Amino acid sequence: MSNSGAKKLTPEQLRKLYRPGELTVVHEPAALSAVTSALRGVGRTVALVPTMGALHEGHLELVRRAKRTNQVVVVSIFVNPLQFGENEDFDKYPRTLDSDVALLREEGVALVFAPSVAQMYPDGPRTSVHPGPLGAELEGASRPTHFAGMLTVVAKLLQIVRPHEAFFGEKDYQQLTLIRQMVRDLNFDVDIVAVPTVRESDGLALSSRNRYLDEQQRESAITLSAALAAGRHAAGRGPDAVVAAARSVLDGATGVDVDYLELRGSDLGPVPSSGNARLLVAARIGATRLIDNLPVTVPHALSDAASAGPSVVTQAAASGPVAPADGHNAVPDFQPAQADA
């Protein structure tokens with residue numbers, strides 16, 4: 001993956017933009033490309049953690065994982081307009097650059113890339129990455145332009161930074177799957193590292209959008225993780241039982257409008273005859289849309305039940321607002337502070 005647009009820096013220029021032990025905020029794409037190119041040129045390994053800011057413990061876990069194997073960590077903070085559709089929350093999405101930078105400084109991050117929209121798209125959104133058929137499913141069914149916008153900005157970030165590794169959370173599992181697809185199909189020279197979802201002690205997946213929830217909605221949101229856990233516990237009875245168990249939790253609740261509940265293969269294709277699968281849910285709580293997922297193992301002895309493929313990919317229609325299921329605080333599948341996106 002060439003980066004012919006990167007300027008060549010003198011040692012003095014590099015020292016101004018990169019000072020070991022200090023955090024530098026870079027706004028210009030060309031300047032960041034020059035810095036990371038120079039660092040690679042002297043044998044440093046570079047990691048990228050892409051974010052939209054409003055950082056929480058999940059993002060910080062990505063940073064910590066990146067620091068374990070890389071000498072220089074670049075965190076991008078950019079609220080990408082291309083991945084927001086009409087009537088979504090682009091205008092009100094939290095922008096907290098100063099506090100985000102303070103958190104990253106405490107984590108020992110070397111470089112923060114915080115470009116403006118004009119700096120990222122100086123000629124407007126002319127060229128984009130098409131996500132293929134998977135981009136129209138699950139999240140893409142209700143957000144038809146989301147994944148093209150997301151893949152476009154990730155492709156630009158990979159080209160600007162040229163990291164050895166890029167870190168993404170499993171909470172946005174369809175996003176992770178499509179990024180892996182893009183990297184493979186377009187021959188990007190980067191390793192994509194997935195990090196498990198960080199959760200609160202009661203199972204709620206950390207998300208920047210959780211701050212939109214009031215106290216009652218926060219309680220209702222736990223229903224999603226409780227439903228996923230119930231589904232995973234039912235895996236020994238086969239794929240249909242997984243979906244039925246999760247659906248029963250959602251059906252017995254009020255306060256959440258369910259968009260979809262689906263069991264798919266780990267690549268988000270049909271459920272496999274045996275092995276790894278993913279149970280995914282999306283729902284709206286008040287005005288806030290949340291997503292979550294869990295890995296599920298399909299046992300070999302019951303694999304015939306999965307042979308129907310998409311027939312066990314079940315969509316749950318909401319029957320109005322939903323409340324938290326009983327016993328959600330004791331779900332054993334969830335451990336707090338594992339990792340998120």
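Here, residue 1 is simply the first one shown, and the rest follow in order.
Any Cβ shown, glycine's included, is placed from N, Cα and C.
Whatever TrEMBL says is automated annotation, not expert-curated.
Quantities reported herein were computed from a predicted structural model and do not represent experimental measurements.
Cβ-based neighbour count (10 Å, all protein chains) for Gly58 (ATP binding site) stands at 24. Residues or ranges marked as ATP binding site in TrEMBL: 52-59, 169-172, Val198, 206-209.
According to DSSP, His59 (active site, proton donor) sits within a helical segment. All protein chains included, His59 (active site, proton donor) registers 29 other Cβ atoms within 10 Å of its own Cβ. Annotation source TrEMBL lists active site, proton donor at His59.
On its own chain, Gln83 (beta-alanine binding site) has Thr145, His146, Phe147, Gly149, Met150, Val153 as residues at least 6 apart in sequence with a Cβ closer than 8 Å to its own Cβ. Secondary structure at Gln83 (beta-alanine binding site), as computed by DSSP, is helix. Summarising the annotation, TrEMBL assigns beta-alanine binding site to Gln83.
Here TrEMBL flags Gln83, Gln175 as (R)-pantoate binding site.
Feature annotation from TrEMBL assigns region 'Disordered' to 317-341.
For the binding-site residues Gln175, Ser208, the largest tally of other C-beta atoms within 10 A is found at Gln175. Calculated from their C-alpha atoms, the gap between Glu170 (ATP binding site) and His59 (active site, proton donor) amounts to 11 Å. Counting only same-chain residues six or more apart in sequence, the Cβ atoms lying under 8 angstroms from the Cβ of Leu55 (ATP binding site) belong to Thr96, Ser99, Asp100, Leu103, Leu104, Ser208.
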